[in-house]
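> Please see the structure below; I have some questions.
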Amino acid sequence: MSNVPAELKYSKEHEWLRKEADGTYTVGITEHAQELLGDMVFVDLPEVGATVSAGDDCAVAESVKAASDIYAPVSGEIVAVNDVLSDSPELVNSEPYAGGWIFKIKASDESELESLLDATAYEALLEDE
């Protein structure tokens, strides 16, 4: 079973979301998602300043197996991207919940967080796959 940290929120598309002290949210893909994709070779990051809606594809993770869209779990403005991934996309594999984060977003409607899954619900989703 994949590692599913209890303090994070999750989307059904296998993104995770963590609230930061400054009120922004850090987004990445889950350990389960990176295991399915395999070794990352490139991450196409969103533009800082871009406004996205929940469910919009805003980044792409390319692995040796496939390219997979990464979706915004909530609506808002992209306020930072993990530029380190340009040279080290393998961090998505080795540190999916730490150094392998993809982008940070300032949520425009925090009520959208209610539609995300907690760790228990995400684990149940994985068991059904």
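Backbone N, Cα and C define each Cβ position, glycine as well.
Here the structure is a predicted model, which means the values were calculated and not measured.
I grabbed these lines from Swiss-Prot:
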- 24-106: domain 'Lipoyl-binding' (DOMAIN)
- K65: N6-lipoyllysine (MOD_RES)
> What is the total of other Cβ atoms whose distance to the Cβ of K65 (N6-lipoyllysine) is within 10 Å?
11
> Looking only at the domain 'Lipoyl-binding' (24-106), how are its residues distributed among DSSP helix, strand and coil?
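Breakdown, helix to coil: 15 helix, 34 strand, 34 coil.
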> For the domain 'Lipoyl-binding' (24-106), provide the mean pLDDT of the predicted model.
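It averages 98.
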